[in-house]
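Student: Let me give you the structure first, and then I'll get to my questions.
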Amino acid sequence: MKKLDPIIEQFLDTLWLEQSLSHNTLLSYRLDLELFSAWLVEPRAFLTLTHTDLQLFLGDRLDKGYKSSSSARIISCLRKFFRFLCLEKYRLDDPTSMLISPRKRVQLPKSLSEEQVMDLLDAPNPLDPIELRDKAMLELLYATGLRVTELISLTIDNLNLRQGVVRVIGKGDKERLVPIGEEASYWIQEFFDYGRMILLSDQQSDVLFPSRRAKQMTRQTFWHRIKYYAILAGIDAEKLSPHVLRHAFATHLINHGADLRVVQMLLGHSDLSTTQIYTHVAKTRLKSIHKQFHPRG
């Protein structure tokens, strides 16, 4: 990883220590500050540059085709950075105070219909140990709305089949208990009884859904497995994302009248506004049904 200016490294260390940001967020900030540092003409020009200089930097990014969402993130990063510089007495003024974040276009998450989800869940062959594992994973994803990273990092100790719950360590190391339902419980038990020992052979693993090498599966590997089963189920790849079953979980709950705050708790969202996007998905679906079936639609 590229070594940055010691002041920038100090800033990133402070973020890690004081704000408990995720590894991916910290990495994004580091990459943004690498780009920013490369753009500066002189080393440590960030100690003297002005609001106008920052506008030129952001304008240069837009000219190169960066999206507004990317600009919004780097503005957020720069605001934190220059606030840090002021707090640590590296600067007296904050040139980001006048910056305006671009309006971020709301991206509706891609979701599947209930019929498509059933087709996807039915795609794995439960007679094959690997596909039985995948079947249990897909069922658990749809039953709980877990993030893929949360799913693949589950250990046996996180699961309580008798009580029908799974203990999840989410973003910011926040813990939540999520009910898993009868169908997912059944397939997890099937995997324990018939697939797991065959998959592991003589190896030992605490991972709930291990790879053939008894290790934790990677996000990329699981994403490839989802796409494989989607093809078998005849689902358009354009409708897919690694979190497709998480989105379906939330959308289908809201479609069936679930309280938004309950969905928020199940998903592990810290902010209700993050969950509210699924109400837009549900409304879009309702409008589509109305247009298709209402005589004056």
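Quick reminder: no glycine exception, Cβ is built from N, Cα and C everywhere.
According to Swiss-Prot, the record shows the following:
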{"type": "DOMAIN", "residues": "2-86", "note": "domain 'Core-binding (CB)'"}
{"type": "DOMAIN", "residues": "107-291", "note": "domain 'Tyr recombinase'"}
{"type": "ACT_SITE", "residues": "Arg147", "note": "active site"}
{"type": "ACT_SITE", "residues": "Lys171", "note": "active site"}
{"type": "ACT_SITE", "residues": "His243", "note": "active site"}
{"type": "ACT_SITE", "residues": "Arg246", "note": "active site"}
{"type": "ACT_SITE", "residues": "His269", "note": "active site"}
{"type": "ACT_SITE", "residues": "Tyr278", "note": "active site, O-(3'-phospho-DNA)-tyrosine intermediate"}
Student: Using DSSP, tally how many residues of the domain 'Core-binding (CB)' (2-86) sit in helix, strand and coil.
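Tutor: Tallied per class, the domain 'Core-binding (CB)' (2-86) gives 66 helix, 0 strand, 19 coil.
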Student: How far is it from His243 (active site) to Arg147 (active site), counting Cα to Cα, in Å?
Tutor: 7
Student: Which of the active-site residues Arg147, Lys171, Arg246 has its Cα nearest to the Cα of His269 (active site)?
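Tutor: Considering only the listed active-site residues, the nearest one is Lys171.
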Student: For Lys171 (active site), which residues of its chain lie six or more apart in sequence with Cβ-Cβ distance below 8 Å?
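Tutor: Listed in sequence order, they are Ser22, Arg147, Gly268, Ser270.
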Student: Mind giving me a neighbour count for His243 (active site)? Other Cβ atoms within 10 Å of its Cβ, every protein chain shown.
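Tutor: Step by step: centre on the Cβ of His243 (active site), count other Cβ atoms within 10 Å, giving 21.
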Student: Kindly assign Lys171 (active site) to one of the three DSSP-derived states: helix, strand or coil.
Tutor: helix
Student: Pick from Arg147, Arg246, His269: which of these active-site residues has the biggest number of other Cβ atoms within 10 Å of its Cβ?
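Tutor: Of Arg147, Arg246, His269, the one with the most crowded Cβ is Arg246.
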